[in-house]
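Trainee: The feature transmembrane segment is assigned by Swiss-Prot to 32-52, 90-110, 116-136, 186-206. What Swiss-Prot lists as heme c binding site is Cys35. As annotated by Swiss-Prot, heme b 2 binding site applies to His86, His187, with the evidence given as sequence analysis. Feature annotation from Swiss-Prot assigns heme b 1 binding site to His100, His202; the stated evidence is sequence analysis.
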Amino acid sequence: MSKIYDWFEERLEIQAIADDITSKYVPPHVNIFYCFGGITLTCFLIQVATGFAMTFYYRPTVTEAFASVEYIMTNVNFGWLIRSIHRWSASMMVMMLILHVFRVYLTGGFKKPRELTWVTGVILAVITVSFGVTGYSLPWDQVGYWAVKIVTGVPDAIPVIGAPLVELLRGSVSVGQSTLTRFYSLHTFVLPLLTAVFMLMHFLMIRKQGISGPL
């Protein structure tokens, strides 16, 4: 086993990487309120795990979506628990994100030289809201359907480009199968990928610049 480790160590310098990760200086003013960002990340990972589990049973069609969610809740082993955890962690993620934003703002963590860290955080906040909008529609019940109809209809008030934007969001002039397919693709592939990319950027900048000092 040691020979295998030595082989990787010689090429990747694993010990140096481990030492750098475990020996990072943490300022003495850091307290429990600085944990909100980490809790948000934890909620996202829970979302990924539980969401991935549900993709095995969910069917993104207007005729089968609601029935597949019902099947998850009533027939799949621990399906009710997995979906409930997905919903609870979604709410927790939004709440922790809001608290994290307030903490960063109140402690001046957005100021020079951390402007780009703040920008990536704002982008992540927008993506998080988009998760909520797209995920809300997936059961395709009455609440989800009308929520999608209202949200996708908002851009219609924009002069000139409003109508094309609505059609782009819905996939057609009205809410239907194309809309559900787009929202499902956004919720399960596009948004998670964007979140992973911007989270990586966010953490690398925090790692490089360190935690902001007290006011």
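Note: Cβ is positioned from N, Cα and C throughout, glycine not excepted.
Help me understand the surroundings of these features in the structure.
Mentor: Beyond the ends of the transmembrane segment (32-52), by six or more residues, the same chain brings 82-83, 85-86, 89-90, 92-93, 96-97, 99-100, 103, 131, 187-188, 192, 195, 199, 211 to within a C-beta distance below 8 angstroms of the stretch.
Summarising the environment of Cys35 (heme c binding site), the number of other Cβ atoms within 10 Å of its Cβ, over all protein chains shown, is 15.
Following the DSSP three-state reduction, the secondary structure of His187 (heme b 2 binding site) is helix.
Listed by sequence, the residues of this chain that lie at least six past the ends of the transmembrane segment (90-110) yet keep a Cβ under 8 A from its Cβ atoms are 33-34, 36-37, 39-40, 43-44, 47, 117-118, 121, 124-125, 128-129, 131-132, 135, 211-212, 214-215.
In this view, His100 (heme b 1 binding site) is surrounded by 23 other Cβ atoms within 10 Å of its Cβ, with every protein chain counted.
Proximity of distant same-chain residues to the transmembrane segment (116-136), defined by a Cβ-Cβ separation under 8 Å and at least 6 residues beyond the stretch ends, is recorded for 47, 90, 93-94, 97, 100-101, 104, 109-110, 143-144, 147-148, 151, 183-184, 186-187, 191, 194-195, 198-199, 201-202, 205-206, 209.
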Trainee: Rank aside, I only need the closest one: which of the binding-site residues Cys35, His86, His187 has its C-alpha nearest to that of His202 (heme b 1 binding site)?
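Mentor: Closest by Cα: Cys35.
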Trainee: Measuring Cα to Cα, how far is His187 (heme b 2 binding site) from His100 (heme b 1 binding site) in Å?
Mentor: 23
Trainee: Given the binding-site residues His86, His187, His202, which one's Cβ is surrounded by the fewest other Cβ atoms within 10 Å?
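Mentor: Minimum Cβ neighbour count within 10 Å, taken over the binding-site residues His86, His187, His202, occurs at His86.
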Trainee: Sorry to bug you, but what's the C-alpha spacing from Cys35 (heme c binding site) to His100 (heme b 1 binding site), rounded to the closest Å?
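Mentor: If we compare the Cα positions of His100 (heme b 1 binding site) and Cys35 (heme c binding site), the gap is 8 Å.
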Trainee: Between Cys35 (heme c binding site) and His86 (heme b 2 binding site), what is the CA-CA distance rounded to a whole number of Å?
Mentor: 21
